[in-house]
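Colleague: Pasting the feature list from TrEMBL:
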REPEAT    103-137  repeat 'WD'
REPEAT    165-206  repeat 'WD'
REPEAT    216-250  repeat 'WD'
REPEAT    254-286  repeat 'WD'
REPEAT    305-339  repeat 'WD'
Amino acid sequence: MSNRESKVGVRERDLLYKFMISQLFYDGHQNLAISLSTAAKVTDACPPSDRLLNMVSNVLKSEEDSPSSGGDVIHSGSGIDLDFETERTGSSVQTSQYETVYVTSHKGPCRAGAFSPDGQLVATGSVDASIKILDVERMIAKGCPGTDIQEASAQTDTHPVIRTLYDHMEEVSCVQFHPTELLLVSGSHDMTVKLYDYAKPSVKRALKSIQEAHIVRCLAFHPSGDYLLVGTQHPTLRLYDVNTAQCFVSAITSDQHTGPITQVNYSPNASLYVTSSKDGDIRLWDGVSNRCINIFPRAHDGYEISSVVFSRNAKYVLSSGKDSLVKLWELSMSRCLIAYTGAGASGKQTHRAQACFNHTEDYVLFPDEKSTSLCCWDSRNAERQQLLSLGHNNAVRQFCHSLTQPAFLTCSDDYRARFWYRRPDNIISILFTLSVLLIASNVECFPIYTDTLKKLLVPVIAYRSALKFLQYGRRLEASKKEFESLTGRRLGFDLDDGLGLGSVGDLF
């Protein structure tokens, strides 16, 4: 942040405090106003005024009137931004409503996992040195009977595991998909980094291998895919050119951690990357010069840092530590903005566990080691949500959420990886009923409900099915038959009988 931006921020904050003090005096809260004035060290006189209330009212009114406000729409690239919103406005569901739709097993503890950037594939890695790549659509089809995907693929090979890779000699500790190409990178306790071209159906071995000097603990692709950050048991962070395998490290030794690196991640725009370590520090790096530009020392009171990840807008970093706390760090002010508490009530964790956002960044998720349940908080106010039992018989060693849909992956020492998904339930039936009601009122429904489907973030399966039968909206009976053939569900009423509230309620 530049000096000019810093001065402007301080000046505006001082002005905000004065407005708050004046508003408190205006509302009759003299004691609160005096306390705030003392705490904020405001020496200027602040006469009673409701200017702050008027400004807030005007801003809220302009947001409501603005056609670009979007209502409940969660635009691509949007996410948590506490500068503009403090309450959740998205339509994503709590993770307590997710279900296991597929389970895959390894011959050893499963300790690595990742989603592809488009959310269509997942990869798992194990102590047995194997890697599996699974198709998300096939897993959903296996676990969600009655969908059009399952029916369409009934005559084809629909096994979710599309590749099994064997080229490591020891435990696979981390995996990640290439941002743009059909490539997968993995790191292992055998001190190698391997790159696989999984576009070839017969692939078993790596396309390229990089020999390291220490156990590989974490890695991250540059968003362009041309570079790869590698964190090892050694405190020095490595940057590799993916094409030439040439290694770069910072020449400034003080930039480096003093303990093994536990996590590394790029910001979406690649301007920054962040690292965490067993030394308890979080370090922020410039994505161009590869220099450390900021340090959060003892970020979790000296406990080992387990994970760090950027928010979608790169304004925040979400971290977790072995103190079982999850923290949201505001980069512009270099401070912890929110602490998410409540995990680890039955004892501090002994293994690293990853905290992350859900796909809309409305929730923060963190697996509790002792109870093998998933903790969930509202990302904006840290309000604790309902727990979800993860069903594993041992500690969850890897947790990651899809960037594109309501799905996450858990990998455990019980040798299993579970794929979790929020089923569409009766959303197609509900949308069909709403469209029929609009048709009965002579309202053009198709363009309206194309937008509605997007607002509700209906999964691809439901979205495709719904669009098919909505195109027949003007012919009610044809729509009913199309709906029943697409979904395999029979509607509990005849359209000729009218649409009373009772029959509509039956659909829900």
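Note that Cβ sites are derived from N, Cα and C of the backbone, with glycine treated the same way.
Show me how these features fit into the shown structure, please.
Modeller: Outside the repeat 'WD' (103-137), and at least 6 residues removed from its termini, the chain residues within Cβ reach (under 8 Å) are 149, 160-166, 168-177, 179, 184, 186, 188, 190, 196, 198, 394, 397-405, 407, 409-419, 460.
Regional average pLDDT for the repeat 'WD' (165-206) in the model is 94.
Nonlocal intrachain contacts for the repeat 'WD' (216-250), taken as residues 6+ away from its ends with a CB within less than 8 angstroms of a stretch CB, comprise 173-174, 176-181, 183, 185, 187-189, 191-193, 195, 208, 210, 256-266, 268-270, 273, 275, 277, 279, 285, 287, 290-292.
Each residue in the repeat 'WD' (254-286) gets a DSSP state, and the totals come to 2 helix, 17 strand, 14 coil.
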Colleague: At a C-beta cut-off of under 8 Å, are there same-chain residues at least 6 beyond the repeat 'WD' (254-286) that contact it? List them, or none.
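Modeller: Contacts of the repeat 'WD' (254-286) (Cβ under 8 Å, skipping residues fewer than 6 from its ends): 217-224, 229-237, 292-310, 312-314, 317, 319, 321, 329, 331, 352, 354.
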